[in-house]
Amino acid sequence: MNPGEMRPSACLLLLAGLQLSILVPTEANDFSSFLSANASLAVVVDHEYMTVHGENILAHFEKILSDVIRENLRNGGINVKYFSWNAVRLKKDFLAAITVTDCENTWNFYKNTQETSILLIAITDSDCPRLPLNRALMVPIVENGDEFPQLILDAKVQQILNWKTAVVFVDQTILEENALLVKSIVHESITNHITPISLILYEINDSLRGQQKRVALRQALSQFAPKKHEEMRQQFLVISAFHEDIIEIAETLNMFHVGNQWMIFVLDMVARDFDAGTVTINLDEGANIAFALNETDPNCQDSLNCTISEISLALVNAISKITVEEESIYGEISDEEWEAIRFTKQEKQAEILEYMKEFLKTNAKCSSCARWRVETAITWGKSQENRKFRSTPQRDAKNRNFEFINIGYWTPVLGFVCQELAFPHIEHHFRNITMDILTVHNPPWQILTKNSNGVIVEHKGIVMEIVKELSRALNFSYYLHEASAWKEEDSLSTSAGGNESDELVGSMTFRIPYRVVEMVQGNQFFIAAVAATVEDPDQKPFNYTQPISVQKYSFITRKPDEVSRIYLFTAPFTVETWFCLMGIILLTAPTLYAINRLAPLKEMRIVGLSTVKSCFWYIFGALLQQGGMYLPTADSGRLVVGFWWIVVIVLVTTYCGNLVAFLTFPKFQPGVDYLNQLEDHKDIVQYGLRNGTFFERYVQSTTREDFKHYLERAKIYGSAQEEDIEAVKRGERINIDWRINLQLIVQRHFEREKECHFALGRESFVDEQIAMIVPAQSAYLHLVNRHIKSMFRMGFIERWHQMNLPSAGKCNGKSAQRQVTNHKVNMDDMQGCFLVLLLGFTLALLIVCGEFWYRRFRASRKRRQFTN
C-alpha cells in the first residue's frame, strides 16, 4: 500500500473510532498493540495427561510450535511460555493459551481464563462438552469410528437437537463400540443450558436378518405409532444400518407427520451410495426428517502431533493477519487517533478466533478426519404451494413432495457448522411460502370484495380472520381462489336471475357447494376457508377442522301484547288481599266504637266516635293517611288506633313499592317461550322452516316429539316472500332458523320501524357445529386444529364472533332494561288513576242522589204524620 492511500475499511474504522471516542466515554485500552509488543502465548500440557498417554507431548509441542512460528510468522512476534501443570494461574498479560489435558481439567482451566480474559484453545479427549463457541476453540481427539458420542454431545450443546424426549434406535454393535453414547445423549448441563432428556432406548439386534428383523422392528415401532385421530409429537434418533427398513415400516404406521422429528445417521459403509430421495420416495409431505451422512475419509491419518501442528499454524496465521491490519491502519493516522481506535484485548481475541476457524475450515486435514454432512427435508406445503410463487415450478425429484437441502456439517475441530436448522419446519413452519386456499362468498363467515375484473381485493369475516391468524402463526402467505370462479365454463353467478330483495336474511352452512367438495379432493389446496356444518365426518371425502363455532336454532313469533294497565292500581295486591283489607276495615270500626262506648268514665268517651259510622270514616281516613278531628282519650282506644296506624304504614308502604314495580315492569300476555307450548296457541296456524338447515336432518334421528310434529306441519321456505315475516308480525306464523339469523331479522325491523314487533323463544336447541374443510390427504389437520384451539384460549374467535355476527339488538332483555330505566309515565300508565277518580265521582253522585231521595222520604213521612 502506498503512503498516500488508505483502504476503505480503514477509513470506516477510523471514522467509527473517532465518533466513539468523542461521544462515548470509554475505559483506557491498556493492552499493547502487536506493533509495540509481541503476542503472549501460554502452552499448558498436563503432566498427568502425558503420563497416561506415555509420550512427552510438551517436548513435541515445543518443537512443532517453534518450527511453525519460524516458518510462517511474517509479521509481529509471539512470546511463548510452556507449563506442565494444569493448575497454573495465568496472568492477564497473556493473550491466549493452548492446553492439552483431559475434559475435566479443560473446563476448570476455561473458568480460570475467563477471570483474566485469556483466549483458550483446548486440545482434549473426546466425549467432552464443547466450550462456548464464541469464547474458545476446543479440538477433541476423536478416533476414527468413535465419533458418535462427541457428535451427539455437540448436537445437544449447539442446540442442533433441542429435544426433551427421544426414542433412540441403535444397533447393538454400535452401542458396544461406543460405550459413552447413551451418556452423551442424556447429558445435561446448567453451564451450557442443556436441558435433561427423557430417553427410550431400543437396542437393535443386528444379527437378525430377513423377516425376523422386520418383525422385531415393527414390534418396536408400533409402540410409538399414533392412534386414530390422535396427535403425537415425538423425536426419533436412528443410528442403525437398517435405517431403510425403519423408514419403510414407520411409514406404514403413519409415524411420519408434522409432529414427529426423525434424525437418521447413515453409517460409513452406505453413506457414499446413499440417495435420500430414493429412501423417502413413499413418504408423504409434512414429514420432518434429516439425515447425517458419514463423509469421513478412511485414508486420513490423524495424530496428536498433526493436530498440534494445525492448531499452531492457524494461530500464527491469525496473529500475522491482525498485525498486518494494524500496520496498514497505523500508517495512515496519528498516534492519538491510533490510541483511540486500536483493538482492545477482547476484540483481538474475537478476531483471532474467527481467523482460526476460517483457516481450519479450508486447511484442516488431520484434525478433521471425521466429517458428517447433514441434509434435511423441506416438505411442508409442497403440494399446496401456489405455482406462481414456487422457487422450482417443475420438480424432477423422485418424490415431488420432498426437497433435500444441505444444512451444514460436523467436524471434531469446529463442531456443527450449519446455515440452517436441522428441522426448519418445527421452528419456521411453512417458511413463508404462498399457499392456495379455496373459499366462497358467504357472509358473515366469508365476505369477499372483488374489483371490476372479478379479482378478490378484500376478504373478511369470521373464517377469514381465522385464516389470517393461521397465516401469521404458521408463517405462510396465501392466494385465495373462489370456488364459483375456478372454471369459467362452470362458473356460478350468485346474482344472475335473482332478486336481491327476495333473498333471505342471514346465512346457512349445512349445504356445502358442490364445487368446493370437488376441488378440495385433489389435495391442491391447503384448506377450504368455508364455514361448513359438521355432519357424518367419517363418511365425507374430506376432513373437518376443529369446530370454530356452534350455532343454535330458535324460533321467532309475534311479541306478546302488553297487559292492559287500566286496573294497574289493583295490581299490587291480590284479590284475597283486597278482600282481607276490606274485612279488617269493617272489623276495626266496630271495635273502636265498642272500646269508646265501654270506657268506664263518661269524660273519656269521645262524642265524635259515638257512632259506628263516625268510627268507620275515622278508620278509612287513617288508612288514606288523612287522620281525623277526634282521638280517643282512653288508653284502650288509643291502643286500637295506634296499632291500626302501624297496619296502615305497612299497607301503604307495601302498596306504593309494588305499584312502582308494576309501573316500571309491564306485564305481557303469555307468549311462546318453548316449542312444546305451540299447542296452547291456536292463533298460530302456520309453521315455517328455512330451507337447507341441519335441523331437518337432526329431526330424523331425534326422539323429541315436538320437533317431529313441527316438521310434519312446517312449510319449507327459501325466499323472503315464502318466509312471510308479515304473518309472523300478525301472530299467525312461527319460523325456525339459526338464532343469529332471527336476531338479524329483529334488528333490521327495529331499525326500520323503531319498534319491537317480534320475540325470540327462550329455548335454543340443536347445537350445529361449524368447521372449516381440509383435504382428506392433508398432513396438517392436527396442526391447524392445535392453532384453532389456541385461538379459542386467547379469545380471538369469540372476539371475531362479536365483530361479525349480529348482536341481540335493542329488543333483547338488556336493552329492555335500559328502556325501563328511562321509562316516562304515559297515559297508558295513568288511565287506572283516572278510572279511580271517575269511580269516586260516580259513587259520590250516587250517594248524593240517595241523600236527596232520603231527604224527600223523611219530608214526606213528616207530612203524613202531621196530617194524621
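Residue numbering: from 1, along the chain as shown.
The backbone N, Cα and C atoms fix where each Cβ goes, and this holds for glycine too.
Quantities reported herein were computed from a predicted structural model and do not represent experimental measurements.
Topological domains recorded in Swiss-Prot put R431 on the same membrane side as G795. The glycosylation sites N432, N475, N543 differ in how many other CB atoms lie within 10 Å of their CB, and the one with the most is N543. Closest by Cα distance to N432 (N-linked glycosylation site), from the glycosylation sites N38, N205, N294, N305, N475, is N475.
Look at the Cβ of each of the glycosylation sites N38, N294, N305, N691 and count the other Cβ atoms within 10 Å; the largest number goes with N294.
N205 (N-linked glycosylation site) carries neither a helix nor a strand DSSP state and counts as coil. DSSP labels the residues of the topological domain 'Cytoplasmic' (854-868) in these numbers: 14 helix, 0 strand, 1 coil. Of all the glycosylation sites in the list N205, N294, N305, N543, N691, the shortest Cα-Cα distance to N475 (N-linked glycosylation site) is found for N543. When the Cα of N691 (N-linked glycosylation site) is compared against those of the glycosylation sites N38, N205, N294, N305, N543, the shortest separation belongs to N543. Separating the Cα atoms of N205 (N-linked glycosylation site) and N38 (N-linked glycosylation site) is a whole-number distance of 59 Å.
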